[in-house]
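Down below is the structure, laid out as C-alpha cells.
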Amino acid sequence: MGKKFEFSKLFINLLFTVLSLVVVLPFLLVIAVSLTDEKSLNENGYQFIPTTFSLDAYRYLLDAPDILLRAYGVTFTVTIIGALVGLLLTAMTAYVISRQDYRYNRATTFYVFFTMLFSGGLVPSYILITQYLHLKDSLLALILPILLSPFNIMVMKGFMSKIPLEIIESAKIDGAREFRIFFRIILPLSTPALATLGLLISFTYWNEWFNAMLYIDDPNKVPLQLLLVRTLNSIEFLTTNSEFTGQLGIDLSSFPNSSARMAIAVLAGGPMLVIFPFFQRFFVKGLTVGSLKG
Amino acid sequence: MLNKVPLAEQRAGSGAPPGTRRRTWIGRELHHFRNNRELFLLSLPGLLYKLIFAYIPMIGLIIAFKNYRYDLGIFGSKWVGLDNFRYLFTTDTAWRITRNTVLYNTAYILVGTSAALLLAILMNEIKAKWSKFYQTALFLPHFLSWVLVGYVAYAFLNHSDGFINRTLESFGLNPVSWYQNAGPWPVILILVQLWKVVGFNTLIYFAGIIGINSEYYEAARIDGATKRQMAFKITIPLMAPIIIIMLILSIGNMFRGDFGLHYFIPNNSGFLYGSTDIIDTYVYRALREVGNVSMSAATGFYQSVVGLVLVLTANGIVRKIDSDNSLW
C-alpha cells in the first residue's frame, strides 16, 4: 500500500515536471534565437542551444534605442495612469454596490453587470472614440476603453462586502460622512484587494495592443505591444513577399534580422517575466478570494 | 455574484421613519435620494464612465441598419433596413465565421475545463512546496500578451528556419508551410490556447479544491474510498458550482472569440481564414482593412444579440435544474 502510494506521487510529479517544461521551453527558444549569431541562424535554423553565441542583436537594438525607449515610455505612462485611476474608480463603484443599505444598490449592480452581458461591440465604440471624442492618436485612447471592467468591480465588491457594517455605522455615529468613511476606513481595509486588482489592471495595460492597433498611428505614441505587432507583421510581409521587395530594390539584410526581432520580443516581454513570479502569490490569494462565490 | 438580500431589508436602512406626513411619489423618491446622495456621488464617476463607453455604443448599434458614412455621422446616415444583414448572410462568410467561432469555443471549453480539472485534482495530491513551483511555471504564459505568444509560435512555425521545420528536415521529412496551409490550424490553435490558459484555470479549480472541507476526505478514507472514488464522489460534485459558473460565462461568450489568439498566432494570414477566421477577426478586418463600417457593425450586432441570448438561456437552464448554482 505504502509503496504504491509513493509511486503514484512520483508519477504525478513527473507529469507536472514535463508539463512545466512544455510551458517554459518555448520562451527559451525565443531567448536562444535572440542570442544566436545571424549567420548560424540561417544555416542551422532556430535552435534551443545557440551554435554561435552572439549579442549582436541586442547591440544593434541598443545602438539606436529611441524607438524602444519611447515605446517603454508610452507603456509606462499608460500603465501607471490607467492602473491608478482605474483602481480608484473600481473601488468607488464596488464599495457603493457592496453597501447593502444603499437604496440604489440593485440598480447599480444591474447597470454595471449588464455591460458584461451585452455590448455595442467594436464598430460603435470605434466611431465614438474616433468621430465623437476625437481621441485618435491620443494616449487617452489607450487608457479609457479598458479603464473599468465589470469583472474587477465584482471581484472588489466580493471583498468589500466582507467588511462588517458595524465599522461603517460606528464611524457614522462619530460623525464621519460617506466620503471620509470610504477614503479613511474602507480603502485602507481593502489593501489586499487593491494590491491584487492593481496588479491585474497594470498587467492588462502593459499587455494592451488592441486599442493601440485601432487608434494609434503616430510613431511617437506607439506602445511596446504595438511595436511588437508591427515588427511581427512586417516580418511576415517581407518573408512571404520576397519577389515584391526584390522588385522594389529593398535590401532585406538591412531590415531587422531574425535575432533582432526575437531580441525585441525578449526586451518587451522580459520585465513581465522577471516581475511576475514575485507577485504570483498575491494573485493566487486574490483570485481565490474573488473566484469563489459569496 | 449578485447579492440576494431581500428588498425589504435594504429599504429598512433608508426608509422614511414611520408616522411622517404622507408625501407624493416624487417627494418620497427625492427624500430617499437625499439620504443616499453621498454614496450615489461616489459611484457617479463609474456610472458616467459606463454610460459613455458601454451604453452609448449600444445606441450606436443602429449603424447596423444604416449605410454609415463618416461625413454624415451615426444619425445623419441613411437607413437601409436589413440590407447589411442580408448581404452578410447571403455570402458564405457568415456561416464560416459562425461555425469557426462556435466550434473553436466548444473545443476550448471542453479541452480546457477537463485538462484544468484533472491537473487541479492531481496537484492536490502532491506536496505544497512542489505544487507552488509547478503553478508558477504553468501560470507564466497567462501574463504575456498574445502578440508575444505570436513570436513564440513564429519561432516554431516559421517556414525556413522554424524549429519544427528544421526538426522535420533533420528526420528527412518535407518542411510544411504552416502559415499557408489551413489544414493543421484547428489543432495548432487548440494547443496554443491550452498552453496559455491551462495554468490559470488549474489555479481557479485548485483554489476551489483547497476550500473543500478535509473532513469529507477523512471520512471517505476511513470508509476505504480510493483516490479515484474521492475525486468523482467528493471533489467534482463539490466543485460543481465553480465549474458551472465558469461554464455559463464561457457559453455566454460562445459568440465572442479570442481575437488575439486568432489574429496573432496565424499571423493574420489570408491563406488560413477558412480555418482560423472567427467573428471578431472578421469584424476587425471589415472595419480596418476593408473599411466596410456598416457590414462590420451588422456582424457585431449579430454577435452581441446571440451572445446575450446564449448567456440568458444557459443561466435559465441552470436555474431550472439547480437555482443555487445560477449566476443570478
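Including glycine, each Cβ sits where the backbone N, Cα and C put it.
What TrEMBL records for B:1-20 is region 'Disordered'.
The transmembrane segment annotation in TrEMBL covers B:39-65 (among others). If one looks beyond the transmembrane segment (B:39-65) by at least 6 residues along the same chain, the residues whose Cβ comes under 8 Å of a Cβ in the stretch are 33, 74, 77, 79-82, 84-85, 293-294, 297-298, 300-301, 304.
Per TrEMBL, the feature domain 'ABC transmembrane type-1' maps to B:98-314.
Sequence-distant neighbours of the transmembrane segment (B:102-124) (same chain, 6+ residues past either end, Cβ-Cβ under 8 Å): 131, 134-135, 138, 186, 189-190, 193-194, 197-198, 201-206, 208-210, 231, 235-236, 239, 243, 246-247, 250-251, 253-255, 257-258, 262, 278. Positions annotated as transmembrane segment by TrEMBL: B:102-124 (among others).
The feature transmembrane segment is assigned by TrEMBL to B:136-157 (among others).
The transmembrane segment annotation in TrEMBL covers B:187-213 (among others).
What TrEMBL lists as transmembrane segment is B:234-255 (among others). Within its own chain, the transmembrane segment (B:234-255) is flanked in space by residues 98, 101-102, 105-106, 108-109, 113, 117, 121, 124, 201, 204-205, 208-209, 212, 216-217, 220, 279, 303, 306-308, 310-311, 314-315, 318, 324-327, which lie at least six positions past its ends and keep a Cβ under 8 Å from the stretch.
Same-chain neighbours of the transmembrane segment (B:300-318): 61, 64, 85, 88, 94, 244, 247-249, 251-256, 279-280, 283, 325-328, counting only residues six or more beyond its ends whose CB sits under 8 Å from a CB of the stretch. According to TrEMBL, the transmembrane segment annotation covers B:300-318 (among others).
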